[in-house]
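Chemist: What follows is a structure written as structure tokens; I'll ask about it next.
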Number of protein chains: 2
Amino acid sequence: MEGGEVTAVDGVRPDDGTRGAAPTPLRVALLGCGVVGSQVARLLREQHDDLAARVGAPLDLVGIAVRDVDVPREGVDPALLTTDAEGLVARADIVVEVIGGLEPARSLLLRAIGCGASVVTANKALLAEDGPTLYAAADAAGVDVYFEAAVAGAIPIVRPVRESLAGDRVRRIVGIVNGTTNYVLDQMATERLDLDAAVAQAQALGYAEADPTADVEGYDAAAKAAILASLAFHMRVPLEDVHREGITAITAEDVTWAASTGHVVKLLAIAERTDDGVSVRVHPALVPTTHPLSGVRGAFNAVFVEAESAGELMFYGRGAGGAPTASAVLGDVVSAARNRVLGGRGPVESSYADLPVLPASAALTRYQVRIDVVDRPGVLAQVAAALADHGVSIEAVRQSLAAGPGDAEVAHLVMTTHSATDAALAATVEAVAGLDAVLAVRSVLRVEGN
Amino acid sequence: MEGGEVTAVDGVRPDDGTRGAAPTPLRVALLGCGVVGSQVARLLREQHDDLAARVGAPLDLVGIAVRDVDVPREGVDPALLTTDAEGLVARADIVVEVIGGLEPARSLLLRAIGCGASVVTANKALLAEDGPTLYAAADAAGVDVYFEAAVAGAIPIVRPVRESLAGDRVRRIVGIVNGTTNYVLDQMATERLDLDAAVAQAQALGYAEADPTADVEGYDAAAKAAILASLAFHMRVPLEDVHREGITAITAEDVTWAASTGHVVKLLAIAERTDDGVSVRVHPALVPTTHPLSGVRGAFNAVFVEAESAGELMFYGRGAGGAPTASAVLGDVVSAARNRVLGGRGPVESSYADLPVLPASAALTRYQVRIDVVDRPGVLAQVAAALADHGVSIEAVRQSLAAGPGDAEVAHLVMTTHSATDAALAATVEAVAGLDAVLAVRSVLRVEGN
């Protein structure tokens, strides 16, 4: 918890009219405590007050179902651990499932829904295999099923497709939705490795499993493609209808030739609507280097969407990993919780944070400064000293000669600074401008994005 | 309407248990009928049945408030037009405001909220100036305010920040949120125009207004920065606290130097959280060509988000224009409508479309085929004829020589085809493989993303 942010008391938004009457906490149950689950538990604890303010009621983690309570888990209160998952889901308002696989995840989620809980899951295999059963059960029980984390980790793609684009017609979705294969193909291209060497490297770095089949054969991407197609086209897409080819046939030669013809090789999940129906498929493909998807590197994911009115959209970010996936799970927990607290209303504007807005002069930034100087020995040293006097250090400097007025030689200096406050940089530029050897400050521009 | 998609009758979802009891239509009022409004009206009409299926009740456009009902508006039913905006908002469940500016938009939205309607607005100026008044009124009335279209046109950014990232902590948002200035800077870089010439070109193409002040001086971006910062940091950010610098000081020389040091010049809207508070600012900056934002060209927008758990995210798409903005507005209308119909539940999985899933062989695609052929005259013609026989045309072909087995010369052909069905392409490759002159088919890869 960072201090001073939350002005709410006991999780009550200061302006929600319920001050005094403490709202009933929502009971959150967590199924699974692996890479993702432990991060979900951590965030629920560390951000307890922030989340309470955003929801309008505290979110209390009431238990974590695990197979073995005696395995030590860093940062997790052992008193929360239980092996009685069935008992746990019966006493929760929101059940978060991060076990993965079909069973016992499916039975536990159906039981949770049957007990009136809303559920949040990151389980792509289950949703692709048997999502409609879950949705129908939730529909009948009048509770929510959220699954933002199931398709592309931290990247919000489920919510945009099923809500933001709900008034549009999606024509085509093309996604890089498997970080492992993207990393492998990327290494083949940049390090000129063959497939086996690149997979071995991904395994050594923890990006690929000991058995990489689910990734390299495209099973993971196929499950995500089925989910995306279902959302985009408002229909059921059985997993067995997804055409699937992995990357195992891709050679180093393919990748080299791709580059020489202006392409990169990517494993794509494609869901496409034609006049005759929909096509859902996963296969490697050449993507032109001019296409936004071609720049998606390493373990990142991206999903490109073409809709009739919206045109082209792209969503980019981390598609896996404990903290990124937990971020998506928590967003879903907040949505489910808001639905319970606000009863049918959209999220209210939560203006609960009390932070000062700083003047621009306080912003940390970098400058690129271009100046004309007299071309004589020692001038660069003089300019550098003026910067150092103001505590500003130079990251790079570049000099070129130009014809000056009359016969004098004029040097053009392009200096890029390290980070400093805008105020310090502005003062520095003024000092530099005042030097005898400086003929003109041609340009001062901030540098962002490093 | 495309035929055959909707299996719902009278807008009732086939499996929602209300078959027989026709649901009460939701009355939608539209304020404004310009570039965006006319597209909203068109989509409400053309997608009436789809929207009804997605919401669970029909969305009926009950009126469009305009200043002059006698101006002809293509595709808009004149009977819907009215100058009585106040009367119109009083008889609507959902009011869509696309007039822009402070008044009468603010008064009409407050009146709509007072009458119990949910409101959807694309009005960045009003939200940046006086959003909290609207939010407080909606809060008191228990209705929704949605405004996805106000920040970056068709790009879903409001929903991801206020819902998907609701369980995370946003550290920084850096956006290219003004398409006009992005187009201008892009033209300066690629066509080596100076600022005035690039602005004139943007005006000629309709990307810039006759008076381009709001864009080139950064006012439009500043309003969007204020809204983004409010959402990201859960606080009120007054527009006057946003530091604003436009692009008028940017010279052709700046752009050229930027390129020579590996940067592009972009107008950025930045909302950043530091230990001391938040900084919200709009100014031009150099962005390294390695950063995802550097590739955002022309009239496109993009928003880059850094959150504590999610890491780096980017959202990309069309930031303006009638149809893209209308897409975002319609998504909001569906959300507001679902809240009214479903009473507090998240969007249900709407499996109402009845479309066939096609086999992969039916997918339209392109191939890049690499083959080894005997290097003798006429071989290329023979291969090309085999493709033509199957109705597949060649987009590009590239040939290189390699040492073959023994002393024979082997030519390596890389052919890229035009679009055809996967089945046709597969048959073609088989025919090519059977030619005498073809020694080996080295690789067959699909090409996507054109």
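Cβ coordinates are placed from backbone N, Cα and C, and glycine is handled just like the others.
It should be emphasised that the depicted structure is a prediction, and the values quoted were computed from it without experimental measurement.
Summarising the annotation, TrEMBL assigns NADP(+) binding site to B:Leu31, B:Gly32, B:Cys33, B:Gly34, B:Val35, B:Val36, B:Gly37, B:Ser38. Annotation source TrEMBL lists NADPH binding site at B:Lys124. According to TrEMBL, the feature L-homoserine binding site maps to B:Glu209. The domain 'ACT' annotation in TrEMBL covers B:368-449. Annotation source TrEMBL lists region 'Disordered' at B:1-20.
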Chemist: Based on DSSP, tally up the residues of the domain 'ACT' (B:368-449) by helix, strand and coil.
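Modeler: Going through the domain 'ACT' (B:368-449) residue by residue, I get 23 helix, 38 strand, 21 coil.
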Chemist: What whole-number Å value do you get for the CA-CA distance of B:Gly34 (NADP(+) binding site) and the residue listed as 'NADPH binding site'?
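Modeler: Rounded to the nearest whole number, the Cα-Cα distance is 16 Å.
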Chemist: Looking at Cβ-Cβ distances, which residues of the chain lie under 8 angstroms from the residue listed as 'NADPH binding site' while being 6 or more apart from it?
Modeler: B:Ala150, B:Val151, B:Asp220, B:Ala223, B:Lys224, B:Ile227
Chemist: Neighbourhood of the NADP(+) site (B:Leu31, B:Gly32, B:Cys33, B:Gly34, B:Val35, B:Val36, B:Gly37, B:Ser38): other residues with Cβ within 8 Å of the Cβ centroid, in order?
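Modeler: Near the NADP(+) site, beyond B:Leu31, B:Gly32, B:Cys33, B:Gly34, B:Val35, B:Val36, B:Gly37, B:Ser38, sit B:Leu30, B:Gln39, B:Val40, B:Ala41, B:Val98, B:Ile99.
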Chemist: Return the residues near B:Gly37 (NADP(+) binding site), defined as same-chain residues 6+ apart in sequence whose C-beta is under 8 angstroms from its C-beta, sorted by sequence, else 'none'.
Modeler: B:Leu30, B:Leu31, B:Ile64, B:Val96, B:Val98
Chemist: Please give the average pLDDT for the domain 'ACT' (B:368-449) in this predicted model.
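Modeler: Taking every residue in the domain 'ACT' (B:368-449) and averaging pLDDT yields 88.
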Chemist: Give me the count of other Cβ atoms within 10 A of the Cβ belonging to B:Gly32 (NADP(+) binding site).
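Modeler: Summing over all protein chains shown, B:Gly32 (NADP(+) binding site) has 23 other Cβ atoms within 10 Å.
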Chemist: Could you tell me which three-state DSSP class B:Leu31 (NADP(+) binding site) falls into?
Modeler: strand
Chemist: Compile a sequence-ordered list of residues in the same chain as the residue listed as 'L-homoserine binding site', six or more apart from it, whose Cβ lies below 8 A from its Cβ; state 'none' when nothing qualifies.
Modeler: B:Thr180, B:Gln203, B:Asp215
Chemist: Taking the Cβ of B:Val35 (NADP(+) binding site) as centre, how many other Cβ atoms lie within 10 Å?
Modeler: 14
Chemist: Tally every other Cβ atom lying within 10 Å of the Cβ atom of B:Gly34 (NADP(+) binding site).
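Modeler: Total other Cβ atoms inside 10 Å, all chains included: 13.
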Chemist: For B:Gly37 (NADP(+) binding site), just give me the three-state DSSP call.
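Modeler: DSSP assigns B:Gly37 (NADP(+) binding site) to helix.
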